[in-house]
């Protein structure tokens with residue numbers, strides 16, 4: 001009888017698990033079906049427009065920079081309707097190749113009608129804009145690539161979407177993201193893998209990877225992403241775009257979801273920032289100018305009412321530029337260091353003053369400050385979002401690490417610790433990071449407050465060093481070129497170049513300045529990185545086969561100095577284009 005009871009219980013568990021998986025599968029299939037129906041509707045209205053207006057010069061419209069396009073829309077030589085349907089058509093083509101769209105926003109047609117009734121033409125009048133999956137648009141899902149979020153419909157537009165509409169922009173699509181947003185690849189079990197439009201073997205980066213792919217493929221002229229460890233800057237680097245991560249509080253994050261909560265109600269010592277992505281720096285500046293308006297300050301009083309300072313952006317005064325080509329924690333491929341050296345030389349030749357700068361204690365920042373912020377509870381909050389879900393393969397190593405019982409983590413850490421001193425030039429970097437990742441928890445409220453204090457102490461130390469050198473801005477590397485798909489999940493530590501400025505909460509932007517050459521690819525074969533350890537060898541595999549892909553640099557300013565950061569980015573862009 002006992003055996004029969006045991007067998008029936010085991011059978012019941014198996015059936016229960018099977019039913020749970022089947023339910024998950026049904027939810028995912030329904031979400032994909034809804035997405036596909038939206039894309040079909042999108043294709044249908046584009047086809048109707050093409051039949052009505054067959055003479056549209058599509059390529060001419062798509063080739064216009066944002067500033068020129070806004071000028072033509074405002075003067076009336078192009079209509080918002082023509083521009084919207086032209087970009088809808090192109091976006092369809094790009095997503096068929098890259099799987100970058102998560103959802104078409106059919107209300108864009110209503111917004112188009114509303115626009116024609118508006119007397120006041122905003123700064124983005126008639127401009128189609130794309131937004132990242134987790135930024136609220138009324139009536140649409142905020143999925144974060146998670147099954148449990150498939151019932152989460154935004155009850156109202158996020159503040160920035162409201163401001164976009166007030167300024168005349170037309171949100172037309174929501175773009176794909178990695179599951180839970182905690183990855184710099186762009187894959188989730190619901191909507192699948194997004195590919196890099198420049199090379200389909202490569203990742204577009206993440207977590208704003210859908211935005212990166214859509215804009216780089218020409219299907220959007222301006223996009224809104226988010227960044228908590230490099231999620232605007234990494235896709236910009238991988239896809240050859242310009243992207244800005246502002247100081248986190250400069251733009252409103254209200255009605256934006258992260259880890260299944262509203263970002264407004266989930267403050268963090270390393271905060272999430274929303275920012276623009278586009279094909280050139282002037283587009284970023286125009287977007288910031290449009291968003292930093294009275295409308296946003298009224299909708300979200302927690303945002304400092306600091307309008308865009310055009311004088312700073314348009315200044316031509318020489319800058320005092322700090323620079324470094326490695327942070328000492330994760331050396332980047334030869335092409336990235338070459339790009340930084342060429343940019344430094346070009347800035348010097350243009351009359352700017354270049355000063356060597358060494359960011360302090362990056363190993364400590366990466367392991368003690370950054371990881372402990374996200375895994376302060378041992379990763380329990382993060383694991384909760386996967387409940388009743390299928391874990392994407394790119395996240396399985398991190399998920400499995402978090403699932404390990406705390407006692408097992410402690411025992412394994414004790415076993416691994418002696419290896420750090422035994423292998424100071426090799427595996428020690430990987431081993432020490434694994435130990436910290438296992439033990440990155442705050443076991444009490446007091447420990448959490450101490451952790452917050454340590455971040456503030458580090459920020460003060462960094463700013464003091466910056467001030468002592470009398471720097472205006474800093475030029476530094478960004479991770480790249482684009483990784484082969486599947487590799488970002490193997491190298492979380494590689495984001496040290498971008499993560500630093502999330503911990504510091506400094507504005508930081510990315511500008512493409514070169515492309516990978518055959519010579520770079522040959523030099524990569526000799527690359528040993530920090531100490532030719534597993535991370536270095538994995539990085540070589542990740543970036544191999546990148547000839548012709550974009551190579552970018554990162555530009556940084558002090559908090560609240562987005563205009564100066566953009567001005568520096570514009571200078572770098574201008575010099576790289578002259579070259």
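Note: Cβ is positioned from N, Cα and C throughout, glycine not excepted.
Over the domain 'Amidase' (83-566) the predicted model carries a mean pLDDT of 91. The domain 'Amidase' annotation in TrEMBL covers 83-566.
Of all the Cβ atoms in the protein chains shown, 27 others lie within 10 Å of the Cβ of residue 132 (active site, charge relay system). As annotated by TrEMBL, active site, charge relay system applies to 132 (among others).
Over all protein chains present, the Cβ of residue 229 (substrate binding site) has 27 other Cβ atoms lying within 10 Å. Per TrEMBL, substrate binding site is recorded for 181, 207, 228, 229, 230, 231.
The active site, charge relay system annotation in TrEMBL covers 207 (among others).
Cβ environment of residue 231 (substrate binding site): 181, 184, 206, 207, 208, 225 lie under 8 Å away, each six or more residues apart in the same chain. Taken from TrEMBL, the feature active site, acyl-ester intermediate applies to 231.
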Rounded to the nearest Å, what's the C-alpha distance separating residue 228 (substrate binding site) and residue 132 (active site, charge relay system)? Just drop the number here, would you? 14
Within 10 angstroms of the C-beta of residue 228 (substrate binding site), the count of other C-beta atoms across all shown chains comes to 24
Distance, residue 132 (active site, charge relay system) to residue 229 (substrate binding site) (CA atoms, angstrom): 16
State the count of C-beta atoms found within 10 angstroms of the C-beta of residue 207 (substrate binding site), not counting that atom itself. 34
